[in-house]
Every structure is written in C-alpha cells, then in structure tokens.
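Peer 1: I'd like to ask some things about the structure below.
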Amino acid sequence: MGNGTKTLGQLGLTARGGREAHITGLAVDSRQVRDGFLFAALPGTRVHGGEFIQYALRMGAGAILTDAEGARIAADELGGSEAALVIAEDPRQALAFTAALWFGAQPETMIAVTGTNGKTSVASFVRHIWQELGHSAVNVGTTGVEGDWETPLAHTTPEPITLHRVLSQAAEAGVTHAAMEASSHGLAQRRLDGVHLRAAGFTNFTQDHLDYHASFEEYFDAKAGLFARVLPDDGAAVVNIADARGVDMAAIARARGQDVLTVGDVEGADIWLAAQRFDATGQEIRVVHEGVARQVRLKLIGGFQGENVLLAAGLVIACGAEPEDVFETLPALRTVRGRMQLAATRENGAAVFVDYAHTPDAVATAIQALRPHVMGRLVVIVGAGGDRDRSKRPLMGMAAAEHADLVIVTDDNPRSEDPAAIRAAVMEGAGEATEVGDRAEAILRGVDALGAGDALLICGKGHETGQIVGDVVYPFDDVEQASVAVAALDGRLP
Ligand SMILES: CC(=O)N[C@H]1[C@@H](OP(=O)(O)OP(=O)(O)OC[C@H]2O[C@@H](n3ccc(=O)[nH]c3=O)[C@H](O)[C@@H]2O)O[C@H](CO)[C@@H](O)[C@@H]1O[C@H](C)C(=O)N[C@@H](C)C(=O)N[C@H](CCC(=O)O)C(=O)O
Ligand SMILES: Nc1ncnc2c1ncn2[C@@H]1O[C@H](COP(=O)(O)OP(=O)(O)OP(=O)(O)O)[C@@H](O)[C@H]1O
Ligand SMILES: N[C@H](CCC[C@H](N)C(=O)O)C(=O)O
Ligand SMILES: [Mg+2]
C-alpha cells in the first residue's frame with residue numbers, strides 16, 4: 001500500500017494478550033491479503049468474514065480484526081497461529097478508524113450529506129461553491145471523486161479502505177475541502193466513521209433501499225447515524241426542514257449539542273427559500289438569510305434544485321464562509337451530469353431531459369419539477385433496475401402515469417433478472433403506458449412523439465454510461481442516445 005508499516009498501537013488497535021504486529025496493509029477481502037496485512041473479517045449479509053480467516057492466514061495475514069463471532073468461527077486456526085487477534089464489538093467501525101489512521105491525511109474541511117434524494121447534487125454544488133471561493137475542492141460519491149482531483153469510484157460511499165485511500169491522495173494533491181455523500185448502506189456499515197466532519201447535511205427522506213434495510217425506521221436510523229454518531233458534538237448540522245423527517249433530524253442534532261442551521265421553503269428557516277419563478281432555461285429564487293432578502297438566478301431546472309442549492313450554501317456557510325460571498329457564487333452552479341440535464345433539443349424547440357430519478361418519489365418529483373418549465377405535453381420514459389428493491393417497481397410506474405401525459409416503460413439495468421418481468425411489474429402501476437423493451441428504441445419513440453412546446457424526460461440512468469444485462473455492461477448513455485434520436489428524426493448528423 002506504499003505506506004511502510006504501522007504497529008497495531010499506531011492504528012489504535014489492541015490485540016488479545018497485548019500482542020504487537022507490524023502491519024503492511026489492510027484488506028476486507030481475504031483474496032486481497034498479502035504478507036503482513038491486517039485482515040478485517042466482518043459480519044456480512046451473506047456470510048461472516050470469519051469463514052475466510054483460515055485463507056487470510058495462509059496468505060500471510062499478520063493480524064485479524066473481527067468480532068466475537070468471527071473469532072469463534074476460526075477458533076482452531078487462530079489458536080495455532082502467530083497472527084495478532086483484535087476482537088472489536090463493532091469491527092466495521094474499528095476498521096473505519098484504523099483505515100483513517102493508516103492513510104493519515106484527509107482534507108482539512110470536510111462535510112457529508114445524507115438523505116434519499118439530492119446527495120450527489122448537494123455534494124457537487126458544495127464543491128463548486130468552494131472552488132468559486134478559491135479553495136481546492138472535491139466531491140466524493142455516486143459520480144466518483146470530481147473536482148480538483150479526480151478518480152472513478154464503484155460505490156457512493158466506498159468502504160473505509162478505499163475511502164481513506166482517495167481522501168489521503170486528494171489531500172496530498174493539495175485538496176483542502178471535500179464534500180461527500182453518505183449513503184444509508186455506508187452509514188449502516190460505518191464506512192465513514194473515521195472521517196473528520198465539520199458539518200453534515202440532510203436533504204429528505206422517502207422510500208428506497210427496502211431491499212437492504214429491514215424497515216422504514218431502520219432506514220431512517222441508518223441516516224440519522226450521520227448526526228447521532230459520525231458528526232462530532234462541535235460540528236454543524238444543516239437540515240432541510242421542509243421535509244417532515246428533517247424536523248426529527250434537527251432534534252437529533254440539537255440533542256447532541258450540534259449547531260443547527262435550518263434550510264427550506266418554510267418561513268422561519270435560517271436560510272428561507274421564500275419564492276421561486278421558473279422559465280425555459282432555469283429559475284429565479286428569493287432567499288432570506290439573517291433578515292436580508294436576495295434574488296438569485298439559477299441556471300438549473302426543477303424546484304428541488306433550489307432546495308439543494310440552499311442546503312449546499314448552508315453547508316459552506318456552516319464551515320465558516322461569509323454568507324454574502326457564498327450567495328454571490330450561486331449563479332455559476334451547473335447541474336450534475338444526468339440530473340435534469342438538457343440532453344438535446346428538436347428543431348421544433350421540444351427539449352429532451354435526462355434524470356437519474358430511480359425511486360417512486362424521485363420520478364414524481366422530477367416530472368412535477370419539470371412541468372413549470374414546459375408549455376406543452378410531457379412524455380416520460382421510465383424503467384427499474386434488477387436486483388434492487390422490487391416493491392418500488394409498480395410505484396414508479398404509477399408515479400409516471402399520474403404525473404406525465406404519455407408514458408413509455410423500458411429496461412433500466414436488468415442485472416441478473418428477466419427484463420420482461422421487471423417491465424411487467426412497472427407496467428402494473430403504469431396504466432395506459434406503452435412498453436418498449438429496447439431502451440434506445442424507447443428513446444427514439446419518445447423523441448418522435450414530441451411536438452412544438454413538448455418535452456421528454458428520460459428517467460433512471462442519469463450519468464450512467466453502461467447498461468448492465470446479466471454480467472455484461474453494454475455501452476449506453478441516455479444523453480448520447482437522446483442526441484442520436486433527435487438527429488435521426490430531424491435529419492441532421494448527431
Ligand atoms: C449489501 C452491501 O452493502 N454489501 C457490502 C458488505 O458485503 P456483504 O455483507 O454482502 O459481504 P458478504 O458477501 O456477506 O461477505 C462477508 C465478508 O466476507 C468477505 N469475503 C467474502 C468472500 C471471500 O472470498 N473473502 C472474504 O473475505 C467480504 O469482503 C465481506 O467483508 O460488506 C462489503 C465489505 O465492507 C461491501 O463491499 C459490500 O458492498 C457491496 C459491494 C455493495 O454492492 N454494496 C452496495 C449495495 C452499496 O453499498 N450501495 C450504496 C448505496 C447505493 C445507493 O445509494 O443507491 C453505496 O454507498 O454505494
Ligand atoms: N431535493 C430533492 N428532492 C427530491 N428529489 C430530488 C432532490 N434532489 C434530486 N432529486 C431527484 O433525485 C434524483 C437523484 O439525485 P441525486 O443524484 O442528487 O441524489 P442522490 O441522493 O445522490 O441519489 P443516489 O441515492 O442514487 O446516490 C435526481 O435525478 C432527481 O430526480
Ligand atoms: N446506485 C443505485 C442507483 C441505480 C439506478 C438504476 N439505474 C438502477 O440500475 O437501478 C443502485 O444501484 O441501486
Ligand atoms: Mg448519489
């Protein structure tokens with residue numbers, strides 16, 4: 001890992017019997033263990049990592065970090081081994097702290113944002129505002145690490161070893177400010193417990209990920225962990241109180257003694273979104289902060305982007321920036337790739353937008369958000385991913401049917417599932433929708449349906465550049481397909 005060696009003591013760990021070890025690297029997957037590594041044998045959703053301790057020892061592991069269950073599973077192998085054994089009540093959290101100490105540096109000023117929708121948007125707006133203020137900044141999340149230092153990521157909130165590797169590399173490259181997304185999986189699995197946060201933000205809370213979290217409340221508790229556990233007592237909580245669960249989140253933060261800055265279209269919010277006016281290319285918002293009202297032009301589509309922008313502004317202010325300077329940067333903000341992005345325009349003026357909405361609420365919100373910007377009919381393309389929450393499928397179809405004028409149901413990422421069965425589940429809620437399995441053809445049909453003043457919204461894949469069918473990822477980009485369809489139908493070259 002290129003960091004030399006560190007002792008268990010230097011990594012904040014105490015082994016059974018006080019045994020010391022010189023650690024050469026960290027791994028959560030036994031197959032990545034090398035000579036002298038610390039192997040974290042974590043309880044999993046399918047299997048306990050303790051099952052792989054024997055293998056890790058054979059690969060030369062110098063220390064094992066696990067819980068009582070892992071130690072019990074591998075009692076025989078551990079008994080006959082020289083490796084140090086660290087037993088932690090919460091080994092995922094212990095690994096997060098250890099990874100932070102292993103990699104050392106992290107950007108000086110960090111914030112994290114959680115909520116069902118808007119995390120990527122808010123994190124990227126925070127990064128952009130920091131850059132406008134002259135700081136070297138990145139955002140970390142679904143779209144990878146972006147900004148003054150870049151790298152792709154496989155997960156929204158990467159596991160601690162990857163997370164602290166990229167944070168330390170960014171810090172070494174001179175990045176002083178980082179805004180990260182805290183996914184509910186990431187919070188539940190303690191992936192960001194080793195990050196030093198100055199502030200944390202909350203966007204909203206609706207249905208998602210019930211495939212992973214046992215209940216709505218468990219999902220909420222996972223998100224609440226950002227304020228209840230990860231953000232220190234002297235950190236600042238920036239909360240959208242227009243969402244009912246935002247009020248609960250603010251109470252959790254206050255109970256910790258954290259400073260709470262409230263945001264939203266609620267009179268009395270510290271940063272009050274007092275009014276919004278929409279047009280074809282963006283919106284005008286009226287913001288009231290500390291008794292001062294300001295009018296700001298945003299080149300962003302969708303009322304919720306106004307909320308996201310103000311949450312981002314609140315986070316930057318909570319980290320110490322001058323409010324006046326922060327509000328001045330807002331007209332420079334541009335949408336995140338694949339979020340209410342204008343992808344193409346037909347000769348007759350009809351516009352095609354691409355959005356990452358992949359939950360029932362996000363589909364409804366995206367369509368409703370686009371409506372005030374559009375004079376004519378709204379055509380919507382919708383589909384759901386395989387190997388993910390099944391209960392959301394008919395609800396996504398229903399949301400599209402309820403809010404759009406014309407709906408086309410198509411494939412998203414089928415993954416290991418039968419695409420026709422996923423479409424059938426979406427169609428169940430989608431009423432009179434047209435079913436077109438092939439996504440490129442669905443986009444072509446959607447674009448073909450557009451008259452002057454109409455708009456097409458392609459939901460579900462946003463910034464993604466591939467379609468996952470089985471184990472294969474086929475190149476596919478909604479923005480590109482939209483341009484191709486418009487060019488083909490309008491008789492131009494793309
Ligand atoms: C559902 C989920 O979150 N799973 C995470 C979890 O794995 P798991 O509990 O399923 O692992 P398991 O297969 O039961 O195995 C248990 C342990 O044995 C280890 N193992 C396994 C096999 C082996 O040969 N050797 C070995 O050591 C595994 O590394 C693991 O630590 O713990 C692993 C190690 O920390 C994670 O890598 C893994 O994330 C997987 C890759 C994943 O796909 N996660 C997704 C769902 C995710 O986290 N998504 C969120 C949010 C997305 C969104 O908002 O839409 C994200 O932040 O990206
Ligand atoms: N504040 C908001 N309120 C409601 N819906 C929103 C909001 N912000 C974004 N959305 C919708 O949710 C979709 C996802 O936005 P974004 O990528 O910013 O969220 P996210 O929380 O990072 O999502 P993910 O869980 O996939 O990482 C957008 O395409 C948009 O349709
Ligand atoms: N990161 C999320 C969003 C996926 C969006 C959609 N395109 C899908 O494949 O379901 C997930 O993996 O659940
Ligand atoms: Mg995201």
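Any Cβ shown, glycine's included, is placed from N, Cα and C.
No curator has checked TrEMBL annotations; they are predicted automatically.
Dumping what TrEMBL says about this protein:
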BINDING   Gly115, Thr116, Asn117, Gly118, Lys119, Thr120, Ser121  ATP binding site
BINDING   Arg388, Asp412, Asn413, Pro414, Arg415, Gly460, Glu464  meso-2,6-diaminopimelate binding site
DOMAIN    22-99  domain 'Mur ligase N-terminal catalytic'
DOMAIN    113-315  domain 'Mur ligase central'
DOMAIN    338-462  domain 'Mur ligase C-terminal'
MOD_RES   Lys223  N6-carboxylysine
MOTIF     412-415  motif 'Meso-diaminopimelate recognition motif'
Peer 1: Among all chains shown, work out which of the binding-site residues Gly115, Pro414 has the most CB atoms within 10 A of its CB.
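Peer 2: Answer by Cβ density within 10 Å: Gly115.
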Peer 1: So which of the binding-site residues Thr116, Asn117, Arg388, Asp412 sit close to ligand 3, that is, with a CB under 6 Å from an atom of it?
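Peer 2: By the Cβ criterion, which requires under 6 Å to ligand 3, the hits are Arg388, Asp412.
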Peer 1: At the level of the C-alpha atoms, what whole-angstrom distance separates Lys223 (N6-carboxylysine) and Asp412 (meso-2,6-diaminopimelate binding site)?
Peer 2: 26
Peer 1: Among the recorded positions listed here (Lys119, Lys223, Arg388, Arg415), identify the one with the smallest other-Cβ count within 10 Å.
Peer 2: Arg415
Peer 1: If one measures from the C-alpha of Pro414 (meso-2,6-diaminopimelate binding site) to the C-alpha of Thr120 (ATP binding site), what distance in angstrom results, rounded to a whole number?
Peer 2: 23
Peer 1: Pick out which of the binding-site residues Thr116, Thr120, Ser121, Asn413 has the most other Cβ atoms within 10 Å of its own Cβ.
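Peer 2: The residue with the densest Cβ neighbourhood is Ser121.
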Peer 1: Around the C-beta of Asp412 (meso-2,6-diaminopimelate binding site), how many further C-beta atoms are within 10 angstroms, looking at every protein chain?
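Peer 2: If we count other Cβ atoms within 10 Å of Asp412 (meso-2,6-diaminopimelate binding site), we arrive at 24.
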Peer 1: Using DSSP, what is the helix/strand/coil residue split across the motif 'Meso-diaminopimelate recognition motif' (412-415)?
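Peer 2: Residue counts in helix, strand and coil order: 0 helix, 1 strand, 3 coil.
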Peer 1: Among Asp412, Asn413, Glu464, the binding-site residues in the record, which have a C-beta under 6 A from ligand 2?
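Peer 2: Within range of ligand 2: none.
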Peer 1: Kindly report the helix/strand/coil residue split of the domain 'Mur ligase C-terminal' (338-462) according to DSSP, in that order.
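Peer 2: Taking the domain 'Mur ligase C-terminal' (338-462) as a whole: 47 helix, 27 strand, 51 coil.
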Peer 1: For the recorded meso-2,6-diaminopimelate site formed by Arg388, Asp412, Asn413, Pro414, Arg415, Gly460, Glu464, name the remaining residues of the chain with Cβ within 8 Å of the site's Cβ center, in chain order.
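Peer 2: Here the nearby residues are His358, Gly383, Ala384, Gly385, Gly386, Asp411, Lys461, Gln467, Ile468.
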Peer 1: Quick one: Cα separation, Gly115 (ATP binding site) versus Asn413 (meso-2,6-diaminopimelate binding site), in Å?
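Peer 2: The separation of the Cα atoms works out to 23 Å.
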